[in-house]
């Protein structure tokens, strides 16, 4: 009788946390899964979510540290100027952690986070190349009045066009974040606008309007600072969830407006019903002993 009462109390406690106990494990509902993994909960073959830690927060840490630093330099905080002293954010802090996260998101079958991590990893690498003074990428555009070529109209127009294309890529990702949560969607919304604003700054340099270019650079930095703040908020929420710290911080779940994805499509086979398949293969689980 005492054991039955204990099981009842435990089950009630799990329900309050949003966890559902089965005969073998405790599974996460789709809303909690999407909050921790930033991807819809879909059935997968295998138990990679059981064997590997959640890599999403690792990628976010690299992203937000790099973005915070990048944004503050763009805004010229404390008289900062140029990225040579912090070029590590473009080659190590950002892309290294993002690449590790991308690989494990791929292994775990988390499609959208894998795409996000890979996207930002290559952005930091490609933009970092522009900041390496040893490469002198602008030197072919040098003139007698501009010995480095950094103010060359052709050079700055090229970079501006590159950022315009990035803006369209980021906007595409923004559309798909509307299936996850509001915070994630805002991150991509603001970073899309930031890419286009910074593209405008390069175009203004190409046109010789340095005052407007500086204003656009500051505005782009401010937008990226908002992006980094939202990213840190998501990082904190994911880490708190993985550390089993009870926090009910809002993210603005948007998945409820879309059809459920934690069920197998009709005709997928495998002999298991859709709910059973989703429970068995899609969600990270914990044994009773935990």
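Backbone N, Cα and C atoms are what each Cβ position is placed from, and that goes for glycine too.
According to TrEMBL, the transmembrane segment annotation covers 57-77 (among others). Same-chain neighbours of the transmembrane segment (57-77): 83, 86, 89-90, 93-98, 100-102, 105, 113, 116-117, 120, 124, 198, 217-218, 220-225, 227-228, 231-232, 234-235, 238-239, 242, counting only residues six or more beyond its ends whose CB sits under 8 Å from a CB of the stretch.
Within its own chain, the transmembrane segment (83-104) is flanked in space by residues 52, 55-56, 58-63, 65-67, 69-70, 73, 113-114, 117-118, 120-122, 124-125, 127-129, 131-133, which lie at least six positions past its ends and keep a Cβ under 8 Å from the stretch. The transmembrane segment annotation in TrEMBL covers 83-104 (among others).
Annotated transmembrane segment per TrEMBL: 116-139 (among others), in sequence order. Same-chain residues lying 6+ beyond the ends of the transmembrane segment (116-139) with a Cβ under 8 Å from its Cβ atoms: 38, 59, 63, 66, 82-84, 87, 89-91, 94-95, 98-99, 101-102, 105, 148-150, 152, 155, 159, 166, 169-170, 173.
Per TrEMBL, the feature transmembrane segment maps to 159-176 (among others). Only residues 6 or more beyond the boundaries of the transmembrane segment (159-176), in the same chain, are considered here, and those with a CB under 8 A from a CB of the stretch are 112, 115-116, 119, 123, 130, 185, 188-189, 191-193, 195-196, 198-203, 206.
Annotation source TrEMBL lists transmembrane segment at 183-203 (among others).
Per TrEMBL, transmembrane segment is recorded for 223-241 (among others).
The annotation region 'Disordered' is assigned in TrEMBL to 267-290.
According to TrEMBL, the compositional bias 'Low complexity' annotation covers 273-284.
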